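Written below as structure tokens is the structure these notes are about.
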Amino acid sequence: MNKQISRRTALGLLGATMTSATALRAMPARAATDGVIRFGGSLGMSGRYAETGLNIRHGYETAIKYINEEKGGVQIAGKTYSLELGIVDDASDPARATTLIQRQVDEGVDFFLGSYGSNVVLPCAGITEAAGKVTVQVGGSADQIFTQGYENIFGFFPRASRAWVTSIEFFKSIEPKPKTVSVMATNSAFSKLNAQAAAAGCKEIGLEVLDVLELPEQVTDSSSALATLRARTPDILITTTVDQNSLVIARQMIATETNVPLLYQFLGPQLPAYRESLGAKADGVVMQLPWDESLEFTDPTFGDTQSYIDYYNATNDRPFSYHTVGASSCITTYIEAMKAAGSVDPLAVRDALDAIDIVTAFGPVNFTEDGDGDPILMGAKIGQVQGGEIKVVYPENLRTAETLYPTPTWAEKG
Amino acid sequence: MTGTLFLQTLVDGLILGGIFSLSAVGFSLIFGVLGVVNLSHGIFVLLGAYLGLALKEAWGIDPLMAIPLVFGALFVLGGLVQITLVSGAVRRGSLMSSLLITFGVSLMLRDLIILVFGPDVQSLSSSWLFDTFRIGGVIVDGARASGLIASLLSLGLLSYVLYRSKVGRAMRATAQQDFAAGLCGIDVKKIYAMTFGVSAGFAGVSGIIVGLINPFTPFDDTHWTLNAFVTVVLGGVGSPVGALLGGLMLGGISTFSSQYVGSLYPNVFIFGALLLMLIVRPNGLLGNAYKGSV
């Protein structure tokens, strides 16, 4: 009996100590604020999209940490709120993501941050829309997300079919004028949709589309497609593949001496891992550039882009990517919308997001009527790897380097 | 041009097949000797790639030079996994328990990789990686050529061990009849552990080759397990020559269907061939569909 009481007492003391410690640790943040704004959502922190998922999570965390710790929370309609992040791992799996999002909706979360990958964002948007909850996301741009009449979802990128506006204009601006183009895609909705949009845009400006080559969803061998390219070499090769597949294709192009005057990879070269893997061979590769650190913007939370970068680097070990900055700007956008609405009511915030017109560290934020990013204001810039760094080569008013075209062959790159 | 394209496709197929063979031989050996369908095979392939990466980053060891170290490390790890975890499934003689245990092992090892290396895309690099050779109009790149050579050498070495050494004889005897092998004085438990170790070692070596050619993430293991399964069904269980033939067949089907039918369709032809083989010749080209074929 004595032994039982003793164990209970010990457990009780341990529990009381832990509870007190937790309460004490939480007190300073809570004591200074009148409430907590909780952001929910899921992210692929494991699974096939984990790399980008982690980049996005770091962006969310950085903004929330900065607002809570450096600014003491946010003032909305005279009340001070601290922010809380309730992001969970969906393992890049749409089925798991929808289950997790439904649970958060049931728990009363009002504001959602998006996952990564249109195949995950789209079904989650259906759930939050039905529940009247708001989502701001930086990970999905498929047309279907924005063309179903959803009123509560906002995306930082223009929808996929409009994502090629800048790129097509860029192709038009290249001198000497390219005449032919080939497109390489994988068997996924994202890749195929972008390939169709790219091919259609190229045709419109008079480029002859030689081939649209399709590969399996996970590319391990593209040698056959590359043999076709060598037999019928275009002036521009566009790949609309995700990061890992883009790297496979580029490495195999180098290894098989498959040279094109311009290699344009929609995703991949933006990542440091891609450029480290290819070294000097990455020079000349062109990409869509949703954001670049050389572009300086003001930011209502951090002050400006450089201050954001400095704070991020001081508080994180992981290198930032454009998704990271976009994710931080999602939080800033939410906060500015809440301030404009003077409320944390989801419908009022939704209306404020509809009308928002601000500049963040990521760039201008202005959504279309359907909720996707304005194709001009939020459309991608065009970047090219030069000397191991990404330079902005289009549009001309933001240019940090001239376009290198035609690019040297792989062998000439050293 | 048509002739050159055909030759290029053939060479690409042979090279790809060589890599498939090397990555599958361990799977084949474990199935042949232990009767275990090793669902953790793909993760051992990836462990090889990640160990190669760690050795390169820590000491600057060229991935190809790291092959013996990786083989040794995974031999030990594979042996330990067999002794501590898989042996239970072997004792029960249940296919389902072997599937569950090896699947569990793959999940644990995958999480370990994520913990140590993170989920990001990684790749192995080397100064000679992008060197290319031209033979007539046919292009062969350094990474793939070295992959094929390493595959042939490794498979040749394994064949030698299996058919010319005392340990190899013991493995084959255990595969044929473990009880009788035990009666003849063979330490069956030790042979099981060694077989698993050798298989894990070969998977690791193929991981180095795979990592030199393709970027990898911790989530690619199922792809390599599935490839190994198809290779083994095509070539036959337990035989290195069977694995080589199966791998070459798989590589050929993949590249020829991609080139002449469409890059989108190799999986259709690969799994079509798998079904056809199971119907027409369930034992594969060489070997036996069931235990006892080494």
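Even glycines carry a Cβ here, placed using N, Cα and C.
Per TrEMBL, the features are:
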- B:14-36: transmembrane segment (TRANSMEM)
- B:43-59: transmembrane segment (TRANSMEM)
- B:65-86: transmembrane segment (TRANSMEM)
- B:98-118: transmembrane segment (TRANSMEM)
- B:138-163: transmembrane segment (TRANSMEM)
- B:191-213: transmembrane segment (TRANSMEM)
- B:225-248: transmembrane segment (TRANSMEM)
- B:260-280: transmembrane segment (TRANSMEM)
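Residues 19, 22-23, 25-27, 29-30, 33-34, 38, 41, 44-53, 63-64, 66-67, 70-79, 81-83, 86-87, 90, 122-124, 126, 129, 143-144, 146-147, 150-151, 154, 158, 161, 167, 170-171, 174, 181, 224 of the same chain lie 6 or more positions beyond the ends of the transmembrane segment (B:191-213) yet place their CB under 8 Å from a CB of it. The stretch in B:14-36, B:65-86, B:98-118, B:138-163, B:225-248 that contributes the largest number of Cβ pairs under 8 Å to the transmembrane segment (B:43-59) is B:65-86.
Contact check: the transmembrane segment (B:138-163) against the transmembrane segment (B:225-248) gives at least three Cβ pairs closer than 8 Å, residues 6 or more apart, which meets the contact criterion. Remote same-chain partners of the transmembrane segment (B:225-248), defined as residues 6 or more beyond its termini with a Cβ less than 8 Å from a stretch Cβ, comprise 13-14, 17-29, 31-33, 37-43, 106, 151-152, 155, 158-159, 162, 175, 270-271, 273-274, 277-278, 283-294.
Counting only same-chain residues 6+ beyond the ends of the transmembrane segment (B:98-118), those with a CB under 8 A from a CB of the stretch are 35-44, 46-47, 50, 53-54, 81, 85-86, 88-90, 218-219, 221, 225.
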